[in-house]
Ligand SMILES: C[S@@+](CC[C@H](N)C(=O)[O-])C[C@H]1O[C@@H](n2cnc3c(N)ncnc32)[C@H](O)[C@@H]1O
């Protein structure tokens with residue numbers, strides 16, 4: 001029987017969802033971090049899983065390396081160099097082509113195991129995972145964050161740990177982020193530092209989250225001095241301090257965010273399907289895709305996968321600042337309708353702005369497209385839609401007319417792009433109940449996708465198109481797009 005603290009040799013077999021490799025020791029399954037399939041390793045058992053049925057381990061020594069192993073490009077994240085590697089690059093020790101191949105295996109495995117798809121189906125056998133290029137500076141991430149330690153220095157957390165380990169330059173970040181040298185500051189009274197480096201000519205936006213009990217207004221001057229210490233001469237930046245998040249139980253007025261320099265938003269430039277340049281406003285803390293090349297790829301791929309025709313109606317659930325909605329609006333044109341639903345107040349406000357007359361997220365073919373932006377949880381919005389469209393909670397607005405915040409009529413296509421936990425049974429069933437002809441599921445977690453694919457298949461929806469995209473290099477994360485059609 002394996003116990004925490006045990007050390008032994010093991011040969012790793014396959015890759016598992018979540019980044020670890022699977023091996024066996026005396027008949028028991030062991031999930032080994034920092035490994036590559038097919039390696040002989042010496043491992044240390046860190047913990048046992050549910051009912052002691054499996055164990056979690058990390059590598060102490062590589063006895064026979066895989067030909068796909070490389071020196072980790074980031075020493076602070078290299079498990080062979082440090083006992084507490086920082087998170088955020090758990091595939092860094094694997095050659096890039098092998099990373100993509102392993103991600104393909106994980107998608108296929110989750111769609112088979114949880115989605116009950118046939119592993120021998122043409123779709124799974126022909127699965128392609130595209131890899132997005134990095135920017136010329138070698139980075140890819142346009143959104144990063146650091147934790148702050150007790151002395152005000154920037155750092156990152158280790159895998160599943162609360163410590164803050166000092167970290168300076170981030171090798172995966174685009175140059176515009178590392179150029180700020182923020183690690184040279186002492187960020188007292190700050191608990192977290194986020195940076196957004198936009199694709200437009202706007203300067204990067206630094207969002208500093210105040211420590212618990214600190215009022216942003218009182219530390220504006222300190223933060224400004226610290227910025228002056230770090231930034232190279234002539235380096236422009238925007239910076240805003242936001243208050244510490246409040247838990248549901250805390251009462252009283254929340255302190256206001258305080259602008260320190262520049263503006264509290266950035267603009268993101270994206271190339272639409274016909275080649276036009278669109279611009280999206282993204283406010284401080286608002287959602288935007290992380291990989292510099294992801295917005296173009298996603299907008300274009302999803303628009304095409306939707307198969308939408310002029311005059312049709314599309315739903316864009318978990319819509320963010322309207323990235324995918326803009327591509328859908330371009331396809332349905334001036335007689336069509338797009339309904340986009342977003343739960344975060346900042347991001348929903350960005351979407352509303354982006355499709356307003358002042359916004360710049362419409363292609364020339366979508367100037368008059370009806371784009372309805374609803375700030376709401378998706379589940380609640382779908383309930384309101386059902387109530388206004390003869391569903392189980394059929395109802396009119398309080399004034400007696402149709403409900404203003406949801407469109408009338410059924411969708412032709414539903415696109416959904418939920419966060420990691422996926423959409424879940426209730427949302428999936430509500431979408432199926434709206435009877436679109438096509439559902440396009442954009443997933444950042446293959447296991448949640450597999451589970452939701454299983455729900456859709458229970459209702460007679462079958463995957464008809466599938467594509468992966470490796471837009472999180474050096475991590476185990478991967479994006480998958482699946483088109484489902486009825487029957
Ligand atoms: C993966 S992002 C996709 C955003 C957008 N499609 C894009 O590509 O930019 C998911 C979005 O869903 C929002 N969100 C998360 N849970 C939600 C919920 N239950 N209801 C509505 N929106 C939600 C998040 O704020 C985030 O903007």
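Glycine too: its Cβ is placed from the backbone N, Cα and C atoms.
Predicted automatically and left uncurated, TrEMBL annotations should be read as such.
Per TrEMBL, the listed range annotated as region 'Disordered' is 385-412 (candidates: 357-384, 385-412, 413-440). Binding of S-adenosyl-L-methionine is annotated in TrEMBL for 318, 342, 417; the matching candidate from 289, 312 at the same site is 289. Between the binding-site residues 342, 417, the minimum number of other C-beta atoms within 10 Å of a residue's C-beta occurs at 417. Taking Cβ-Cβ distances under 8 Å and a sequence gap of 6 or more within the same chain, the neighbours of residue 444 (active site, nucleophile) are 419, 420, 477, 478, 479. Highlighted in sequence order, 287, 316, 319, 320, 323, 324, 418, 442 have their Cβ within 8 Å of the centre of the Cβ atoms of 289, 318, 342, 417, the residues recorded for S-adenosyl-L-methionine, and are not part of that set. Residues 289, 318, 342, 417 are the ones the record ties to S-adenosyl-L-methionine, and the longest Cα gap between any two of them is 15 Å.
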